[in-house]
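Take a look at the structure set out below.
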Amino acid sequence: MIDFGNFYQQIAKGPLSHWLNTLPSQLSSWQQESLHGKFKLWFNSLEHLPSLTPTTLDLNDSVTARMEPDISEGQREGIEKLLRNLMPWRKGPFSLYGVDINTEWRSDWKWQRVLPHISPLKNRLILDVGCGSGYHLWRMVGEGAMMAVGIDPMQLFLCQFEAVRKLLGDDQRAHVLPLGIEQLPELAAFDTVFSMGVLYHRRSPLDHLWQLKNQLVAGGELVLETLVIEGDENQVLVPGERYAQMRNVYFIPSAAALTTWLEKCGFVDVRVVDVCTTTTQEQRRTDWMITESLAEFLDPEDPSKTVEGYPAPVRAVLVARKPGIYQP
């Protein structure tokens, strides 16, 4: 099964060492009691992937691995078949020895919108909440992060991350743990915490903001990306049963309301740094994610609305800081 031993060793002598009081037993219980019905199938594909170390690795402009001399066509076909066993791939894209994983989301576009507005990630300890396949973790490593830790309870995403890691020379600068943020103690250890595409899935969004704050060091930075609507600080959309065909969407505030929420939770220096309508070029069906995507979730006669009649998805990026003096 998944071995978290390297992660335990890495955090044993740093600001996350106190996490070892609870984390190993949590993950041991998960492996014994909570595995998804398809986990063994996914893990089997992961085990059969070759361990490759790229001669060229680009994590700054993409997640791209190459080897000189190139791998054989047979090897490439075998890798692609195993990676396709881990579909659907939602966050990416990845280019691994000529296998191009064309994911549902152009997560690189989101990264381009976020990166200019945040503190440099060099030598920072980072938490990415709801990290999915871990695409952004690798981009954080590319920016010089000391370590990028992702959490996501979806076990398929863990297998996708470990598959990519295996093809990147078993790179130990990034890690994914199959946990939700509510399962984390108040670590107060991360220099930067990301929560992107999570807040609207939370029944209690203010509790989520408090949970994020509790993971930050004094003066640490929160990067929050979520759905928003137009309006003043009093405007919040509470959708009915579905929003853009998603059942689990609870609160979509205006950017102004979200700013107020962050301030109410004790964050300071709150900034709205980007607001962007999600397009069908950024989120779409591909041959690596073959089910419905954004185009099917919008009103075919008026793409400014969802099929339910709500405003179409608009996403904002906010940056805020936990009070205190930041000490790198």
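Note that Cβ sites are derived from N, Cα and C of the backbone, with glycine treated the same way.
So that you can see what the record holds, here are the features copied from Swiss-Prot:
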BINDING   LYS91, TRP105, LYS110, GLY130, ILE181, GLU182, MET196, TYR200, ARG315  carboxy-S-adenosyl-L-methionine binding site
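Locations of recorded Swiss-Prot features on the structure.
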residue : record                                       : Cβ neighbours (10 Å)
LYS91   : carboxy-S-adenosyl-L-methionine binding site : 26
LYS110  : carboxy-S-adenosyl-L-methionine binding site : 23
ILE181  : carboxy-S-adenosyl-L-methionine binding site : 21
MET196  : carboxy-S-adenosyl-L-methionine binding site : 22
ARG315  : carboxy-S-adenosyl-L-methionine binding site : 19
Among LYS91, TRP105, LYS110, GLY130, ILE181, GLU182, MET196, TYR200, ARG315, the record's carboxy-S-adenosyl-L-methionine binders - longest CA distance, Å: 26
